[in-house]
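Participant: I'd like to ask some things about the structure below.
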Amino acid sequence: MAKGERVPHTPAGKLFKPPEPAFNKPPHQTVLDQRLSFCSKLCFAIGGAPNQVAGSATAFFLQIYLLDVAQINPFQASMVLFIGKAWGAMTDPVVGFFITKSKWTRIGRLMPWMVGCTPFVVVSYFYLWFVPPFTNGRFIWYLGFYCLYQTLITCFHVPYSALTMFLSTDQKERDSATAYRMTLEVLGTLVGAAIQGQIVASAHTLKHCPHHNMSTGHLGNGSGAEIVKRIVHSQDFLSHAVSVTATTNNLTWGKQIPFHKGFILVMRHSPYLSLTAAFLFISVAIQLVQSNFVLFCTYAVDLRDHFQNIVLTILVSAVVSIPLWQWFLERFGKKTAAFCGITWIMPFTVMLVFIPNLVVAYVVAVSSGLSVAASLLLPWSMLPDVVDDFRLANPHCKGFEAIFYSFYVFFTKFAAGISLGVSTLCLEFAGYDTGACRQPAQVAYTLKLLIGAAPVAFIVTGLLILLLYPISEDVRLRNKLCLEELR
């Protein structure tokens, strides 16, 4: 090294060893363009929308569907939700492991996973919302198909989310692509909630409260529901195909490290641990609100006829505010955006609990959408910065990206599964009456705790952990300059 030449340092102050010369790189590794076209960003973003169409339906409506439409008891419903989420969490690192071991193909390592699992995701999702003609085995039916769905959607989501690191070497371009992705994913969430919400609202309200003048029917078996599902599923397959076409040429992989060694290194990386722990608690809070919101509107605040429109208001607000948060994080930094965006939801959820009327509900819906958008955008925007920081600390490690993304999803899914199972068990202990039009006062009180106090406690805990997150804007820019010097 020439005299006076600056030696790059990692944020922790360790000397950085330059990487191997370019001629030592595998022949399939390519140089990424710094700039991404609008078409590339859009097509990448479209790939995430179908997952959210299905995910929003399960998040908002699966609990009430199991309780009041499929009519399994609250304990069995809690087991379906908990075991399904826990199973999905365990499959994330397993899929991450097999991705790191899979062979290179003409369309990369990641694309075969996404293309291969898509048709099976469609089938498993269809039968998850199908009411079988028998009664005694319904618990096994829903548990089996929910676990199968979680496994298959993991086979798509882990490689898809890891694609972010291969789109561009420029942090700003990756952040922009993430913003496109989150906007399309929230739109997918909106579509899923709109379609499934109307079906659930008509089937649930009618079947159990005959004073409403609607026709009855089982959710999932009606011809209208089947047509809707087929439309959504065809969009699912086509959207995945567009994502594949758009991103194949940008994939790169270097010489990979053994999975167990990569896992140990990743779990020792403090920025990753603090980011994952913080958003673990925050995602649990959002999941509690999502899964119990319909029950809360139905049985705790007498907004049974409005819950689907309130849910849509939340999601429309989230869609509109994604560009706002993208501008905010570029202007004030990602950590500041996370604190401002996620703190925003706390006073409004408490307000709905204490002032349960329709006008307040819509005000809360608009305000909550802002926080939902921040909770979706920020972790996926911050995770690539953690990967860059890891690259500087471990310059010769390659092929570790799937480990970061799979274990992040693992921890958040597992925690969400525990929270969902526990919250449904709380309803069991409170005396939830399956299929009843009205519930005991203790159930309404429990739902108010699950919507108000519990999410606030989880969010405060997550934000306290986020204070320990070491990658500030100065550190992020310093990492960017160091990586540019090493290329």
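Cβ coordinates come from backbone N, Cα and C, glycine included.
Here's the feature list from TrEMBL:
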type: REGION; residues: 1-21; note: region 'Disordered'
type: TRANSMEM; residues: 110-128; note: transmembrane segment
type: TRANSMEM; residues: 140-167; note: transmembrane segment
type: TRANSMEM; residues: 272-290; note: transmembrane segment
type: TRANSMEM; residues: 310-329; note: transmembrane segment
type: TRANSMEM; residues: 336-355; note: transmembrane segment
type: TRANSMEM; residues: 402-430; note: transmembrane segment
type: TRANSMEM; residues: 450-471; note: transmembrane segment
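I'm curious about the neighbourhood of these features; can you describe it?
Facilitator: Through the fold, the transmembrane segment (140-167) approaches residues 32, 36, 40, 44, 47-48, 51, 54-55, 62, 66, 70, 72, 79-81, 83-85, 87-88, 91-92, 95-96, 99, 109-111, 113-114, 116-118, 120-121, 124-125, 127-128, 132, 173-174, 177-178, 181, 240, 243, 247, 250-252, 380, 383-384, 387, 401-402, 404-406, 409, 413 of its own chain, all at least 6 residues removed from its boundaries and within a Cβ separation under 8 Å.
Counting same-chain residues at least six beyond the ends of the transmembrane segment (272-290), those with a Cβ under 8 angstroms from any Cβ of the stretch are 59-60, 266, 342, 345, 349, 368, 371-372, 375, 378-379, 382-383, 386, 390, 404, 407-408, 411-412, 415-416, 419-420, 423, 450-451, 454-456, 458-459, 461-463, 465-466, 468-470.
For the transmembrane segment (450-471), the list of distant contacts is 11, 270-271, 274-275, 277-282, 284-286, 288-289, 292-293, 296, 300, 335, 338-339, 342-343, 345-346, 349-350, 352-353, 382, 385-386, 389, 419, 423, 426, 479: same-chain residues at least six beyond its ends, Cβ to Cβ under 8 Å.
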Participant: Below 8 angstroms Cβ to Cβ, which residues of this chain, lying six or more residues outside the transmembrane segment (336-355), approach it?
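Facilitator: Apart from its flanks, the transmembrane segment (336-355) reaches 282, 289, 301, 325, 328-329, 361, 363-364, 367-368, 370-375, 378, 382, 448, 451-452, 455-456, 459-460, 462-463, 466.
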